[in-house]
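> Mind having a look at this structure? Questions to follow.
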Amino acid sequence: MWKLTRRLQPHINSTRWLVRNFRNGGAGDATGLYGFDHLKTAKGFQRFVADAIERSGELVSYISGMPSSPEIIKAMDEISDTVCCVVDSAELCRQTHPDREFVEEANKAAIEMNDYLHHLNTNHTLYAAVKKAEQDSNLLTKEASRTAHHLRMDFERGGIHLDPEKLDKVNNLTTNIFQLCREFSENIADDPGHVDIFPGSRIPRHLHHLLNPTYRSTSGGSRGSTRSAHKSKQKGFRINTDPRTVSSILQWTSDEEVRKMVYIQGNSVPHANHGVLEKLIAARHELSQMMGCNSYADIMVEPNLAKSPKVVTSFLQELSKTVKPKADEEFIAIRDFKREKCGNPSAELEPWDETYYTSMMKSSINDVDTAVVASYFPLPQCIEGLKVLVESLFGATFHTIPLAPGESWHPNVVKLSLHHPDEGDLGYLYLDLYSRKGKYPGCASFAIRGGRKISETEYQLPVIALVCNFSRACDSSIVKLNHSEVEVLFHEFGHALHSLLSRTDYQHFSGTRVALDLAEMPSNLFEYYAWDYRLLKRFARHYSTGETIPEKLVNSLQGARNMFAATEMQRQVFYALIDQMLFGEQPETARDVSHLVAELKRQHTSWNHVEGTHWYIRFSHLLNYGAGYYSYLYAKCFASTIWQSICEEDPLSLNTGTLLREKFFKHGGAKDPAELLTDLAGKEIISVHGEGIVPATTYLLNELRL
């Protein structure tokens, strides 16, 4: 049925379930997690699920009476809203809550709601009602008609039109795919791998706080991780090879053997995901066959701008061909730099060298000291920067508001309201930005509640959580961000704003619920602001002196920004091609995935493949972006065009913000994605390619000097 990355709304008494279960009360009004009254305790997830199923059942009964078409669509949207409030709250809790009981109950809730979704997705009464509504001219708005059409298509992509036996198989496959995706993610979290390095002096001192000490006998005895070390024991470090730690080691460690060991281990675990990925590929392919498609990629790409995997592959191959000469030049430059630094004119350049030497080249050529840069980006000042940006562009202000007892999941969580002087509150944003054990390891924007029109006088405001993992340096009580972290913060803020500024009638199209290959455009667009001195000078101040960041330093940062743009572009094209290969048409005989990945790397990058490494077994984008990773490259092209043609001349003006909001943000997914883009930036932003649409690459390639 509907995609349940989406949400819904009611007919009569539409606020009854919501008011009973959600509050935005002040600090004195006790509530539950995220403002949901049910979630005062972990066990409350059970009641949360039960009430959502009960409310959805009432709405299904109402729809079965075939009311007017507008009421059918409203009720369908409420079912989605009701279910998604539980699903999304459970996902956020699962990823961020420090209490294990809450995490376990959230897991159970997610599984139970997923099972219930299968029941809804195979409900022929709902399907018949949606078909009736779609054909009815009484749907008075384009958004209502578009919602009806999308709901019908979502039903059919779920197999509602199949005979009962096939539909049962589709449901079983869908459940299996859900479980495999969860297993893949859990394996990554549970088995990051590790490498023990002796002596500890081989690791730079400023990284020691990221690592656990370990000891061994100087005579070569057994190793242990206790601190009961005598003088006969040698201290080393156990490096957990999770992506964040691996990145730090590869950037800062001069010892090539250490980098090599960490690179290989970090790109070889978790071993269990080899089998999980094989099963996932097979299950998704079988699902596509049941649905009458050639591949899972066909299913996933068809609703998007690209329309066809052939269009995607053609776009990627053309991009690969365009950037290869420049990428080869960059590779030679890095290799020559390594040879000079290590005094070996025949030294070969290996993948574990890339981050170390490119960072060194950027710093030396552009006089950029990352520690100096970070001193101008204490986290509280970066939050001020987001506030300055929103006020400049949209005339809206963020205000810190008190959290009600029971609403928060950690003492570090902050809640903001986005307020407009003429429109009132636009939505709510939780900030959970500090690193802690057991928390989601990356940065992401999580929806908690989507926006939707409840009546002519009432609008359900969106609620979003922005989650990051910023940590203090070992010698500081202040969290200071390196510039890449500032860029990530602005990226995720772009996603959050997409939801907060959306004003759709139906939550089905609220905010980021757009075509997959358009969804990353706002986040990529807002990355540009992290580089623009016109904004940076208004918030980036030295953590101890208060000095504004020097323009010369920002110019140096910008000089380093695109030094290896072709290499990075190659990497993204390579990832996207792997994604298409894994979930594209499958041969009759089993494939050696590792061999195919190695071959694609040789064809589309300038770097060696390291035998025995399998980085893709921890590439979680294969789960939620399966056959859709190309969307990041689409988004980069769209964002570059929009930045240069609309924002760059006057990036902080209310006129620029009004154009972005009125032409793009407020519509969410309620308008055709191609129409959204051309209304904002003109027809040159896209071009028709075969049966689909591809982005214009001119602006991006010029920006990157490719």
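From the backbone N, Cα and C atoms, a Cβ is placed for every residue, glycine too.
Features from Swiss-Prot:
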- Glu492: active site (ACT_SITE)
- His491, His495, Glu520: Zn(2+) binding site (BINDING)
- 214-227: compositional bias 'Low complexity' (COMPBIAS)
- 212-238: region 'Disordered' (REGION)
- 1-29: transit peptide (TRANSIT)
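Describe the structural surroundings of these features, if you would.
For Glu492 (active site), the count of additional Cβ atoms within 10 Å of its Cβ stands at 21 [all protein chains shown].
Other C-beta atoms found within 10 angstroms of the C-beta of His491 (Zn(2+) binding site) number 19, with every protein chain shown included.
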> According to DSSP, which of helix, strand or coil covers Glu520 (Zn(2+) binding site)?
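Assignment for Glu520 (Zn(2+) binding site) reads coil.
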> Using all protein chains in view, find how many other C-beta atoms are within 10 Å of the C-beta of His495 (Zn(2+) binding site).
23
> By a simple count, how many Cβ atoms lie within 10 Å of the Cβ of Glu520 (Zn(2+) binding site), its own Cβ left out?
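Result for Glu520 (Zn(2+) binding site): 25 neighbouring Cβ atoms inside 10 Å.
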